[in-house]
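Look at Swiss-Prot and you will find ASP19, TYR20, ASN21, ARG34, HIS57, LEU58, GLY59, ARG60, ARG117, ARG150 tagged as substrate binding site, backed by sequence analysis. Per Swiss-Prot, the feature ATP binding site maps to LYS200, GLY288, GLU319, GLY347, GLY348, ASP349, SER350; the stated evidence is sequence analysis.
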Amino acid sequence: MQTLDQLDVNGKRVLVRVDYNVPIKDGVVQDETRVTASLPTLQHLLARGAALVLLSHLGRPKNGPEEKYSLRPVAAVLERALGRPVKFIASLPSSEETRRAVESLQPGEVALLENVRFEPGEEKNDPELVEQLARLGDAFVLDAFGSAHRAHASVSGVAGRLPHAAGLLLHNEVEALSRLLHDPARPYVVIIGGAKVSDKIKVIENLLPRVDRMLIGGGMMFTFIRARGGQIGNSLVEEDQVAYARQLLEQYGDRLMLPTDAVAADRFAPDAQTRVVPADRIPDGWMGLDIGPETARAYAEALQGAKTVFWNGPMGVFEFPAFAAGTNAVAQAVAELGNQAYTVVGGGDSVSAINQSGQASKVSHISTGGGASLELLEGQLLPGVEAMK
């Protein structure tokens, strides 16, 4: 990939595609992680004499501009984080008004444009929109790893029209995740959780031949347990994936580790009645909503001595405190490896768990890209990453 050092930015207007797709409630940004993650690239470019024009999407607006999807609240957060004024340009990124506002920027100045998904051509990678966006800068930097798997106008489209490079965040993400695919230090342990096998099939398929152990948790565990003939009560199961899970167990049974116990509930609610039962004997009318304490201990033990670890997806219904113990135990076990192992955590709930455990600093890499991380680990080429080559 082309790196920032290879790009001439002094006195230039640099269009930077960032990922500010952040949760906003009542006009207030709830989580600033993605804004903070973009700072090293922005500071690097400013220090080298660039003026910055920032592009991002927010949410999935369906009918053009909508107030709740405006990036205006993000401008205030960015201004505070950068320690310099950020000019918010409320007109559509493709408009003449925006072009005029951007042309007046001086080196060291920063402008944040309105949500690029307000443009109907963004997700279609419309050539006309690509041209209009390319006019806003002399060079282009892609730093939105979370959007790198999208062939959109502001991601891969503009890259074809301007001198370009990968930002520091994008570069670090690709390097960090590639280490999980190419010559990882062993033992290599992967923890996969979440509700559905179908969401993670390709990652499981691509990683299983490479790992020493794969620990399964979350709702998807019951599809595997059903494949082994277990009783799962009312637990979540994907019937159309049972045969596939059975095939994986036959082929990789020595590497796949399944829960031996589960926290079962009489209904899906935070205040449900609970009991710990064998994972393959969930009583009728009950549902498994977390891995049990015996499994949590076994998984922590399986992680001891690992040299490479990747964790994606919660072990249970992490939003309900009664079913968060499994996820928290895994967060603790991953963090305790410290610098004895190369550890990567990706996926919203796993990242939340590691942050809440107060142990995030002990993890080698926390990935900001949900779908993009998974697609890279599936062995797919990401349009944004390919465009930076």
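Glycine is treated like the rest: Cβ placed from N, Cα and C.
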Problem - Cβ packing number for HIS57 (substrate binding site), 10 Å threshold - result: 27
Exercise for the section: May I ask which of the binding-site residues ASP19, ASN21, HIS57 is closest to ASP349 (ATP binding site) if we compare their C-alpha atoms? Expected result: ASN21
Exercise for the section: May I ask which residues of the same chain, at least 6 positions away in sequence, place their Cβ under 8 angstroms from the Cβ of SER350 (ATP binding site)? Expected result: GLY193, TRP311, ASN312, GLY313, PRO314, THR327, ALA331
Exercise for the section: Would you mind pulling the longest C-alpha to C-alpha span across ASP19, TYR20, ASN21, ARG34, HIS57, LEU58, GLY59, ARG60, ARG117, ARG150, which the record has binding substrate, in angstrom? Expected result: 18
Practice task
Take the C-alpha atoms of GLU319 (ATP binding site) and ASN21 (substrate binding site) and report the distance between them in angstrom, rounded.
Solution key: 21
Exercise for the section: Measure between the Cα atoms of every pair in LYS200, GLY288, GLU319, GLY347, GLY348, ASP349, SER350, the residues the record assigns to ATP, and report the largest value in Å, rounded to a whole number. Expected result: 22
Practice task
Pop the Cα-Cα gap between ARG117 (substrate binding site) and LYS200 (ATP binding site) into the table, whole Å please.
Solution key: 27
Handout entry: Spatial neighbours of GLY347 (ATP binding site) that are distant in sequence (at least 6 apart) but have CB under 8 A
Key = GLY194, TRP311, ASN312, GLY313, SER367, GLY370, SER373, LEU374
Completion exercise
Within the same chain, the residues at least 6 apart in sequence whose Cβ is under 8 angstroms from that of GLY288 (ATP binding site) are MET221, PHE222, ILE232, GLY233, SER235, ALA262, VAL263, ALA264, VAL277, ALA279, ILE282
Handout entry: Length of the line joining the Cα atoms of ASN21 (substrate binding site) and GLY348 (ATP binding site), in Å
Key = 13
Exercise for the section: Spatially speaking, which of the binding-site residues HIS57, GLY59, ARG117 is closest to GLY348 (ATP binding site)? Use C-alpha to C-alpha, please. Expected result: GLY59
Practice task
Please list residues from the chain of ASP19 (substrate binding site) whose Cβ is under 8 angstroms from its Cβ, counting only those at least six apart in sequence.
Solution key: ARG34, ALA37, SER38, SER56, ASP143, ALA144, PHE145, GLY146, SER147, THR368, GLY369
